[in-house]
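Under the heading transmembrane segment, TrEMBL lists 20-38, 148-168, 339-358, 370-392, 429-453, 567-585, 591-611, 623-643, 733-754.
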Amino acid sequence: MGFSENPTFYLLIDKIIRRSKIIGLTLSIIGFFYFCVIDKIDKKAELDARSFAQFPGNSTLTKDDEDFLNETKYYFENYKYEEREHVIDIVHDYIKRMSSLVDTKKCEIKINDKVKDYILISNVGCKFCNNIENLIVVINFDYKERKYFHSLVVGLTLINYFLNANYMSKDIIFLFTNKELLYSLGVKNFIEHYYYGNTENRKVLTRSSIIIEFESIYPSNIEINYESLNGMLPNQDLILLLRNELNHYNIPMKTDPVYHAILNVALEKKYEKGHIYFLRENIPSFTITGVSKVPLKRKMINLFNFTKSLQSFLRSQSNTHEGFCHSTNFYFFNTIKKYVPISLYVFCVYLICSYCILKLIKGTIFRNYVNFIVGIYMYIITILTISMPIYLFSTNEKIYDLIKSEKKLPICTEWHPDNFNKYIEISNYWLRIFIISLFVAFILNYFISWIIYKYVKIWDYEKDRKIQKIVILDKIKHLNNLLYNSSDVNYVKKFVNRYKTDIEYINKENKLVKPKVIHSDDEDFMDAKKKKKVIEIIHEINEMEKDLYLLGDEKFKYILKNTIAPYNYIMNHTNIFYFLFVVIVSSMYNWAYSILFCIILVIPVSILHNIKMKKHKMISKFIILFFILGTLMYLYPFGGFILDVRNKIMNMLMNFSTRCLKYMNSSGLSKKAYFPEFLEFICSNKMFEALYLRKYYLDNKDIKFNYNSEISNNVLLNLYSIARNHYCIGSQLYPLLCFTFFPILFYIIFIFFVQ
């Protein structure tokens, strides 16, 4: 007997469905709290491919190499630049003086119509090998820097060493790029040239790539940036291999905490790092950055030890004749020694979605396929109405050609503070289109709901009920036990027979009056009470038998008085269906977005679906109306009173979070072992940070600089920045927001007001 024919299984499912609301909410709350403590359930980060890697500390750099590093550093710090002399030409000549065997090529890259720049590609070939594979080392430094060339000095020292290394089994390509180019344009142009425009010295396979850069003149530790776009992450073994080397040479390092990394991956905040382009080509890559909170010379890392760790890291990769493999392909580092794998992280998403899953299973709307088709059809129409216009007008130039209008698309070749008002004006244009789309979608959905209400007799609609014979028989058995398992069985049998002979007695409403004082001889009251209870049980058994008679010999039957459900019932369940669909689809490539999506939406979905009592309806609608007004105020595009109020509210929230964080640090709560890091993350104001960096490209000069300015409407600037990242480098966050978040939020609000 299978599950489908097992009475026990039917009864278990029936009990679960009856309590689905409590079970779903409980599991969702457990999932959220599990997410809040996920950093405490981490695993030790260990190298899987130990058999392919050497023990750390196998660097063969000598005192001569250290002298070369110091000489190179002194040379560039004291070099007297001539007018219009490019630093790439200086590096090119320096490499040629080292050895003429290095295949070095200078390539021009075009930034815009006015500005151009150069990259330098140097190939250090292996001597005794089948040179079909290579490794890539990117030296990312500021071309305008005139005093501190840390990454450049490290790169040239490695080139000088590997020229004489006879053990390498792979070529090494050293790429010199300008760190200040937007979107790591140097790395992007290198990939286009080397992999798609080069047919002479292109290798069959690139095993890995590492990008070296420094943000501080006196770096005190190394930060490992592994987050990328669209959920792509590098091979974890490569990071652990470098970690072991840096640990051996006492180089301090750090990674972002778990929740910071989740936010970075979900919102794709590391879009400016060059390793994203290598990951797109399925080349494991990450960026190591020299940073420091306060640049102090006495705390600076030993640059030669850092070079030794890189040399040993590259040598270990030369020993492997196949790529490193790690069982975890999606992860977040907690510390550099521990990480949260997908095998632990995935349960947060599943548990948070439990309420919606059980709500959808319990619902009987989709048992009629007409309801499902109508719901999906209306959802698709609404998505096209809401999401498609803003997406096309912000990312596609052909639509402007079609309507013969001025193009208002993101600008990829500049990010200048003087043009912020122009960017805000463009995003304001998109926002107006979005508001018009919302209005059209509201009218469309209201019209369809009116048609269903007008031409379909929804008041005669009875939600389809799956009547199960096994469940009914179980209830009848339970009621019979209540009747015949009492102490006075003979009395009950006589009363039942007398009751069945007088059917009209069922419909009589006998009001049972309890005497003020009950004595032991109040037999009339006790007898009437017993009769009343027996009558109620018999009446319930009769109703059960009527339902059982309707089934006949079938196991279940659908009872429908009409072929279509009310509009709000259909779209309510379709919204849940699409919610789960988005979670599944987005989790295929970006689990970070899935968890963020669940946390933001599962709360209103759960609350709105649990509100059924009429006395709470007006209060709930008032709360949702307040939420809508707050959202509109937050997106308000113009200056004035509303914008000032919004800024004051945001500053108040950020100041409150800052005070909470200071209290947790001063009281020592944040240092306790079991203190949830999630609370510290919430109070760190990371959620309120702008989605753009304070580094901007100057259109009239080929440099960047740090620039702080008061932005009148940073919300619209953030919208422009997200759309710009999608338009320029292919970030998927913008279409995710357009086609997932916006329509679901629309139906939550719309259904709430029309039901």
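Glycine is no exception: its Cβ is also placed from the backbone N, Cα and C atoms.
What TrEMBL says about a protein is an automatic prediction, not a curated fact.
Within its own chain, the transmembrane segment (20-38) is flanked in space by residues 258, 340, 344-345, 347-359, 361-362, 595, 599, 602, 606, 610, 676, 678-679, which lie at least six positions past its ends and keep a Cβ under 8 Å from the stretch. Each of 148-168, 339-358, 370-392, 429-453, 623-643 was scored by its Cβ pairs under 8 Å to the transmembrane segment (567-585), and the highest score goes to 370-392. Under 8 Å from some Cβ of the transmembrane segment (429-453) lie the Cβ atoms of residues 378, 381-382, 385-387, 389-390, 393-394, 408, 564, 566-568, 571, 635, 637, 716, 719, 723, 742, 746, 750, 754, all in the same chain and six or more residues away from its ends. Residues 424, 428, 431, 608, 712-713, 715-716, 749, 752-753 of the same chain, all 6+ positions outside the transmembrane segment (623-643), place their C-beta atoms under 8 angstroms from a C-beta of that stretch.
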